[in-house]
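Below is one structure; the comments refer to it alone.
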Amino acid sequence: MPELPEVEVVRRGLERWVDGRTVGEVEVLHPRAVRRHPAGGADFAARLTGHRLGTARRRGKYLWIPLADSGFSVLGHLGMSGQLLVQPENAPDEKHLRIRVRFDDALGTELRFVDQRTFGGLSLHDNTPDGLPDVIAHIARDPLDPEFDDAAFQAALRLRRTTVKRALLDQSLISGVGNIYADEALWRARLHYERPTASLTRPRSAELLGHVRDVMNAALAAGGTSFDSLYVNVNGESGYFDRSLDAYGREDEPCRRCGTPMRRRPWMNRSSYFCPRCQRPPRAAAPVGVRA
DNA sequence: CCTGGGACCTGACCGC
DNA sequence: TGCGGTCAGGTCCCAG
């Protein structure tokens, strides 16, 4: 479930609570939680034990902790329902506790990976020369990365033969955007989710990118978006940006700009929320790829 | 190559 | 009360 702002909130929690600590013992309680670690749970636990954790980093929705004394990292993805929690050692196990990391110190807390739907997980990977776990080399920089290349993104967008929301969710083009913030940015930009990317002018795509950044920064300032206790920071607390959403989840409620009831449309096994007046569907165009 | 559709999971909720 | 259908914030893999 979590998108970039929620993952960043978690990263900051890790930076504060586990930075510099040495791993004492690792328990893998569900094999799916380490399915991206091909050598399996026992290998994951053995290779992680004894290492000192460095400062947590993030690209898009991926998080990783470089090991301070080695050339590899613990990579994490929260999937749809994953949580990384720093809990007192004596706190009862969560129902969906999948991995426990104890530390070799006297602070009395441990790191827990909890995940109801098991789409997320942890794994160990060698770092590339630029300090990125090798398996996420294909993930694009995210829009809050100072080195994100706006011009390259806009150019790539125009070359795609797809629709704008699909492009926003394509993590190899721009990372960190998920279903909520895609709908929010499109609403702010007054763009329908099915607008062909090739029809976006440079000013339009620049404006859209600006809205993506604005909505993510605003969500970050509110501690992220959360509708229930499924998404929380490392201390188990929810963010409150859900109160500021303009599009996502607002079916039949009035558009905050024009008052027209918002609509929900099934879209790629999920939903798209939009204002039918502010975000007009694209006119049926000539089939893409047809030449005169 | 690129694009779109389905698979992978558990649980909550709704109507019958 | 139970049952079946739908929905949920993501990513990967494969067919075309």
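Even glycines carry a Cβ here, placed using N, Cα and C.
What TrEMBL records for this protein:
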- A:Pro2: active site, schiff-base intermediate with DNA (ACT_SITE)
- A:2-120: domain 'Formamidopyrimidine-DNA glycosylase catalytic' (DOMAIN)
- A:Glu3: active site, proton donor (ACT_SITE)
- A:Lys61: active site, proton donor (ACT_SITE)
- A:His96, A:Arg117, A:Arg160: DNA binding site (BINDING)
- A:246-280: domain 'FPG-type' (DOMAIN)
- A:Arg270: active site, proton donor (ACT_SITE)
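A:Arg270 (active site, proton donor) is 22 Å away from A:Arg160 (DNA binding site) when you measure Cα to Cα. Rounded to a whole number, the distance between the Cα atoms of A:Arg117 (DNA binding site) and A:Pro2 (active site, schiff-base intermediate with DNA) is 13 Å. When averaged over the domain 'Formamidopyrimidine-DNA glycosylase catalytic' (A:2-120), pLDDT in the model lands at 97. In this structure, A:Arg270 (active site, proton donor) is part of a beta strand by DSSP.
Note on the recorded positions A:Lys61, A:Arg160: the fewest other CB atoms within 10 A surround the CB of A:Arg160. When the CA atoms are compared, the recorded positions lying within 10 A of A:Lys61 (active site, proton donor) are A:Glu3, out of the candidates A:Glu3, A:His96, A:Arg117. Between the listed recorded positions, namely A:His96, A:Arg117, A:Arg270, the fewest other CB atoms within 10 angstroms of a CB are found at A:Arg270. Counting residues 6+ beyond its ends, the domain 'FPG-type' (A:246-280) has Cβ neighbours under 8 Å at 165-166, 179-180, 183-184, 186-188, 190-193, 227 in the same chain. Between the two most distant C-alpha atoms of the annotated DNA binders (A:His96, A:Arg117, A:Arg160) there are 40 Å. For A:Glu3 (active site, proton donor), applying a Cβ distance below 8 Å and a minimum sequence separation of six or more within one chain yields A:Lys61, A:Gly176, A:Val177, A:Gly178, A:Asn179, A:Ile180, A:Tyr181, A:Met216, A:Thr225. Across the fold, the C-alpha of A:His96 (DNA binding site) and the C-alpha of A:Arg270 (active site, proton donor) stand 24 Å from each other.
Counting in whole angstrom, A:Arg117 (DNA binding site) lies 16 from A:Arg270 (active site, proton donor) by their C-alpha atoms.
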